[in-house]
Amino acid sequence: MLFNSIEFAFFLPIVFFIYWLVLKNTVKGQNIWLLLASYFFYGWWDWRFLSLIFFSSIVDYTIGLNLHKSQNESRRKALLFLSILINIGFLCYFKYFNFFLDSLNEAFTLLGKPLESSRLNIILPVGISFYTFQTLSYTIDIYKRKLEPTKDIVAFFTFVSFFPQLVAGPIERASHLLPQFSRKRNFSYDMVSQGGKLMLWGLFMKVVVADRLAIYVDDVYVLLDQHSWLTLFTAHAFFAFQIYCDFAGYSLIAIGCAKLFDFHLMDNFQRPYFATSFKSFWSRWHISLSTWFRDYVYIPLGGNRKGRFHSGLNLMATFIISGFWHGANWTYIIWGALHGFYQIMEKYVLKFKLPKAVNWIVVFSLTCLAWVFFRAPSVTDAMTVLERIITFQGSGLYFGDKGIFIFGLMGLSLLMLHDYVMEFKPDYQFLYHRSPIVRYATIVVLMMFITTFGVFDNSQFIYFQF
């Protein structure tokens with residue numbers, strides 16, 4: 001069930017009204033209702049995978065209780081290992097089995113001894129990468145004595161499957177989200193207004209900007225090797241904003257949707273394309289994932305505690321794993337490795353200061369270069385794109401459908417104006433909050449853009465595939 005679908009437009013009001021009108025005086029009843037709604041929401045994709053999320057939940061609920069109760073360090077390590085083995089095992093099977101099989105086949109073929117093995121027809125469960133990391137952080141934090149487990153099985157199951165952020169994040173920590181299932185939630189019109197506005201802006205980012213730009217980008221990729229360097233450069237600059245608006249839009253809808261039920265999710269994006277360093281970029285981009293890898297991969301590997309060389313290795317390993325998390329393809333691994341390389345060069349090699357404008361150009365350009373590997377279906381296609389751009393092959397700019405091109409630019413311009421004000425002119429925000437005319441005019445303009453220029457073809461959010 002997509003956020004930008006007719007089904008969700010019926011689903012959300014039903015869940016909302018029963019939650020607040022029928023169950024407003026019972027936290028337990030609200031939690032049970034949210035759990036049922038979340039399982040229905042997830043089962044809408046494929047009911048067969050409900051057993052998977054149920055099993056993952058019961059495993060980590062049980063292991064969490066036993067981790068906290070046990071004083072035997074060997075037993076505690078065994079329990080943590082079991083949690084990691086089960087969760088990562090499921091993730092590897094569904095997401096990476098065929099990748100490893102193909103890589104093994106290619107390796108043996110190069111040795112002249114091809115294997116006679118065929119790919120399995122495995123369907124990737126939606127959201128498995130997200131809820132796996134969410135439940136893993138729960139057991140790891142209990143093992144480290146940073147968190148006490150909950151005994152409320154309904155609250156824990158709802159924490160794992162909470163439908164606003166189930167399939168594409170933000171990846172919440174139990175220390176932040178889980179206690180919210182135990183407290184009394186209070187209805188307020190201000191809360192609903194804030195949630196609705198976040199959802200509206202997220203929908204604008206998705207259907208007006210991301211999906212409009214996607215039409216042009218996909219069109220260019222049909223005949224990749226026949227387009228000029230300028231067209232390819234433009235397409236990947238567009239893709240940079242497409243994936244930003246697609247994923248940040250989803251996150252805003254998720255945050256706004258959770259707010260309707262008086263839940264507070266973490267911010268996931270903070271205008272990443274205004275970053276003037278790669279460190280800043282990753283403190284603004286997919287914050288819930290980047291902080292997860294920092295806390296559960298980079299720091300356990302040693303972080304920066306063992307000198308520059310080991311710190312560089314830890315950075316590179318973390319970003320390669322991050323790339324692999326995004327997909328079972330060498331293109332994602334290279335994308336992660338490039339960002340690891342950028343971080344190492346910035347932190348340890350290129351320490352001279354440049355004007356902020358120059359830094360911004362460098363960071364944005366190199367980020368777009370890395371996006372080439374993220375978007376390309378294969379390493380060969382990515383190298384074709386880079387070769388044509390670097391050697392300035394071809395001439396002219398392909399517009400495709402000029403109406404789509406112009407509408408995409410219009411939406412992008414409005415987005416950049418919004419982000420510019422939020423980044424550099426925060427004092428201007430008082431106009432929106434103090435003036436009802438400005439506030440209502442903004443909402444009307446957004447709704448006009450969404451209904452007039454939005455793409456409503458049930459296009460999925462990019463991060464659903466991860």
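Quick reminder: no glycine exception, Cβ is built from N, Cα and C everywhere.
Annotation comment: TrEMBL describes 6-23, 51-67, 79-100, 120-140, 237-261, 315-337, 357-376, 397-417, 437-456 as transmembrane segment.
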**Request:** Please work out whether the transmembrane segment (357-376) lies in contact with the transmembrane segment (397-417), by counting C-beta pairs under 8 angstroms that are 6 or more apart in sequence and asking whether there are at least 3.
**Result:** no
**Request:** Return the stretch with the most CB pairs under 8 A relative to the transmembrane segment (237-261), choosing among 6-23, 51-67, 79-100, 120-140.
**Result:** 6-23
**Message:** Under 8 Å for C-beta pairs, could you tell me which stretch among 6-23, 51-67, 315-337, 397-417 has the largest tally with the transmembrane segment (120-140)?
**Reply:** 51-67
**Request:** Return the stretch with the most CB pairs under 8 A relative to the transmembrane segment (79-100), choosing among 6-23, 51-67, 315-337, 397-417, 437-456.
**Result:** 51-67
